[in-house]
Amino acid sequence: MKLLLVIFLVHAIFIPCFSFDVSGKDLPLTLDNYKSTCPTAFDVIKKEMECIVKEDPRNAAIVIRLHFHDCFVQGCDASVLLDETETLQGEKKASPNINSLKGYEIVDRIKNIIESECPGVVSCADLLTISARDATILVGGPYWDVPVGRKDSKTASYELATTNLPTPEEGLVSIISKFYYQGLSVEDMVALVGAHTIGKAQCRNFRSRIYGDFRVTSALNPVSETYLTSLRELCPESSGEGDSNVTAMDNVTPNLFDNSIYHTLLRGEGLLNSDQEIYSSMFGIQTRRIVSKYAEDPVAFFEQFSKSMVKMGNILNSKSLVEGEVRRNCRFVNT
């Protein structure tokens, strides 16, 4: 009941940032947007992502996370890809991104190939959205259709990147509010967290967890204690020591997109505070139920993850659709 009240208050306070065009109709994304202008676009991206993930399975998680960080700031408009210039403050140095967000070179690599096939046609925003879908499939995750037709923004927002993105230390109520602000539900939030089944985290982002309430949430389980010991060996308690050391958030099947991350939360072994909060928080009545459902039913998780990724990918900036462009280089606005 408390959680439902919190959700109601959050929904009343925050206005979702997904938007509509001036005519009031849904923004014009279609499955066949490139059918005549660049019919090979999807195939080219898929083929290159196959090579990229084969080179390093972690690249799948990197691309999905990059897409997430893009969509939560100004909508899915490739603003996260913009390098800083004398006239533009980018998002790459915002606290949730600096020393953490990767994958820019992956996007460059695919963009170069696309530009050689169809110059000035496929937006960086669409490229990133399609790549995130293909990355998911390549490590065992579900398929979904990707509507396309996004434009690339000519702006970025350091401020929104700092405030809109959930952090590893965040509490459940705050996380829910940030998802609601984007027009995403609690069910969407729990499903999208499932992407952590293939992700890795840096020591600086899970230090407080393993030296905090890890033992409490894992109920002093001897197996969990062994896992905790290995984490502490990797990540010393003192800030600054081993900050960039990484480990998998799913320590069972780290390179396979499955529902294992939810079993991790059931055991109380979530690596990030923000993840474990979904199951262990006193406000987590609804989220706890959803975690249990996805742990028991991988098909339900896959179905909802697909729906939630489409929904997130449809968070758009109507200004970019009117004033945006198709960048020739994803790092810079066209001149």
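Backbone N, Cα and C atoms are what each Cβ position is placed from, and that goes for glycine too.
Values in this document were obtained by computation on a predicted structure and should not be read as measured data.
As given in TrEMBL:
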type	residues	note
DOMAIN	28-334	domain 'Plant heme peroxidase family profile'
DISULFID	CYS38-CYS118	disulfide bond
ACT_SITE	HIS69	active site, proton acceptor
DISULFID	CYS71-CYS76	disulfide bond
DISULFID	CYS124-CYS330	disulfide bond
BINDING	PRO166	substrate binding site
BINDING	THR197, ASP250, THR253, ASP258	Ca(2+) 2 binding site
DISULFID	CYS203-CYS235	disulfide bond
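TrEMBL feature annotations superimposed on the structure.
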residue : record                : CB count, 10 Å
CYS38   : disulfide bond        : 19
CYS71   : disulfide bond        : 30
CYS76   : disulfide bond        : 29
CYS118  : disulfide bond        : 17
CYS124  : disulfide bond        : 30
THR197  : Ca(2+) 2 binding site : 28
CYS203  : disulfide bond        : 19
CYS235  : disulfide bond        : 24
ASP250  : Ca(2+) 2 binding site : 25
CYS330  : disulfide bond        : 23
CB contacts for HIS69 (active site, proton acceptor) [other CB atoms within 10 A, all chains]: 22
Spatial separation of CYS330 (disulfide bond) from THR253 (Ca(2+) 2 binding site) - C-alpha basis, Å: 33
Spatial separation of CYS203 (disulfide bond) from ASP250 (Ca(2+) 2 binding site) - C-alpha basis, Å: 15
Neighbour count (Cβ, 10 Å) for the residue listed as 'substrate binding site': 20
Pairwise Cα distance for CYS235 (disulfide bond)/PRO166 (substrate binding site) [Å, integer]: 22
Other residues, Cβ within 8 Å of THR197, ASP250, THR253, ASP258 Cβ centroid (Ca(2+) 2 site): ILE198, VAL252, PRO254, LEU256, PHE257, ASN259, SER260, ILE261
THR253 (Ca(2+) 2 binding site) CB neighbourhood, other CB atoms within 10 A: 17
Which recorded positions sit within 10 Å of CYS76 (disulfide bond) - Cα, from HIS69, PRO166, THR197, ASP258: HIS69
Nearest recorded site to CYS71 (disulfide bond) by CA-CA distance, among recorded positions CYS38, CYS203, ASP258, CYS330: CYS330
Listed in sequence order, residues with CB under 8 A of ASP258 (Ca(2+) 2 binding site) and six or more positions away: GLY140, THR197, PRO298
